[in-house]
Amino acid sequence: MFTALLGAAIGTGMSMQSAINSGLRSYVKSPFTASMISFVIGTVFLSIIVLINGLPLTPELSVFTEQPAWIWLGGVCGVIALTTNIFIFPKIGSVETAIMPIIGMIITGMIIDNFGWFNSMIQPFGITRFFGVVLIFAGVFLAVVLQDIMKMRRYKLEQANENINKWPWRAAGFTGGALLSIQAAINGELGSAVNSPFTAAFISFFVGAAALVIIVALRDKTFVPVKSPITQKAPFWVWLGGIFGGFYVLINIFLVGEIGTGPTIVLVLFGQITGSILVQQFGMFRSAKQTIVPVQLIGLVIMLTGVVLINLF
């Protein structure tokens, strides 16, 4: 029960991080700069946590020589997934941008557990998990996708550019979601390798922050917008996204070691969708208000049933 609450809680935190980073982006304009700021703040936050606990920021030399090279790639996977979502949105629209990564996350998480990839604990994909996954997909459709479809039809919005081949972009969205599951598994193994979820979370965030600094330098060619939230007197909460992200990675590492990658992914996903609906309901962090409708609550209940099937049976 405790792990389930933790997973749902960090998922809810991730939805708040998304709203916060959206607010930060309104000041710095570039999504990459906003993500970079969030990652840097998260890195500093996690470094403080590590030092307070009397732990080293860097692992022992033996970890570099004895562990596989892929344990350092968790942060890179997260950055690629984030960047992918930014690019696929104008190509395939909001509905598919939401659903394709979710499909990738869940399927990949189940595969990782079934085969024990990245040294994850093996949890066979049986009939109970199959029905759990089906229920989660059904719940996601009712809670998220159906509302976007109805909105587009009501306002006669175009979902995306119809003159392009969408399948490569759909595949990119699926891959982005898959990378988030891979990131969770890799970071879980990194936590075991360095014998500390705190140090592992810091390393993952540091790698991601470094990658984003390079991306901003090459793509935007300036770091001047970083000052904009300060000069424009932005509310203090625009700086909190990295802290939410830091907690997400830290607790994710703990949960993967306790319950496996697949169950962690579905718990976080449930919390993330629940949190997103609450953020919209109350217009938190200056996000657009959107009243919860009964079908979304039904979707959440169906999702919760699927989560229970995957985690308890």
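Quick reminder: no glycine exception, Cβ is built from N, Cα and C everywhere.
What TrEMBL annotates here:
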TRANSMEM  6-24  transmembrane segment
TRANSMEM  36-57  transmembrane segment
TRANSMEM  69-89  transmembrane segment
TRANSMEM  98-118  transmembrane segment
TRANSMEM  124-146  transmembrane segment
TRANSMEM  167-186  transmembrane segment
TRANSMEM  198-216  transmembrane segment
TRANSMEM  236-255  transmembrane segment
TRANSMEM  261-279  transmembrane segment
TRANSMEM  291-312  transmembrane segment
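Long-range contacts of the transmembrane segment (236-255) within the same chain, counting only residues at least 6 positions beyond its ends with a Cβ under 8 Å from a Cβ of the stretch, are 3, 6-7, 9-10, 13-14, 16-17, 20-21, 23-24, 27, 37-46, 49, 78, 184, 187-188, 190-191, 197-198, 200-201, 204-205, 229, 263-264, 267-268, 285. Contact check: the transmembrane segment (36-57) against the transmembrane segment (98-118) gives fewer than three Cβ pairs closer than 8 Å, residues 6 or more apart, which falls short of the contact criterion. If you look at the transmembrane segment (124-146) against the transmembrane segment (291-312), you find at least three C-beta pairs under 8 angstroms, all six or more positions apart, and that counts as contact. Under 8 Å from some Cβ of the transmembrane segment (167-186) lie the Cβ atoms of residues 70-71, 73-75, 77-78, 80-82, 84-85, 87-88, 91-92, 96-97, 100-109, 112, 117-118, 120, 204, 252, 256, 261-262, 264-265, all in the same chain and six or more residues away from its ends. Here the transmembrane segment (261-279) lies next to the transmembrane segment (98-118) in space: the count of CB pairs under 8 Å, restricted to residues six or more apart, reaches at least 3. Highest Cβ contact count with the transmembrane segment (198-216) among the listed stretches 6-24, 69-89, 98-118, 291-312 falls to 69-89 (criterion: pairs under 8 Å). Against the transmembrane segment (69-89), the recorded stretches 6-24, 98-118, 291-312 differ in Cβ pairs under 8 Å, and the greatest number is found for 98-118.
With a threshold of 8 Å between CB atoms, the same-chain residues lying at least 6 positions outside the transmembrane segment (6-24) that come near it are 34-35, 37-38, 229, 234-235, 237-241, 244-245, 247-248, 251-252, 254-255, 263-264, 267-276, 278-279, 284-287.
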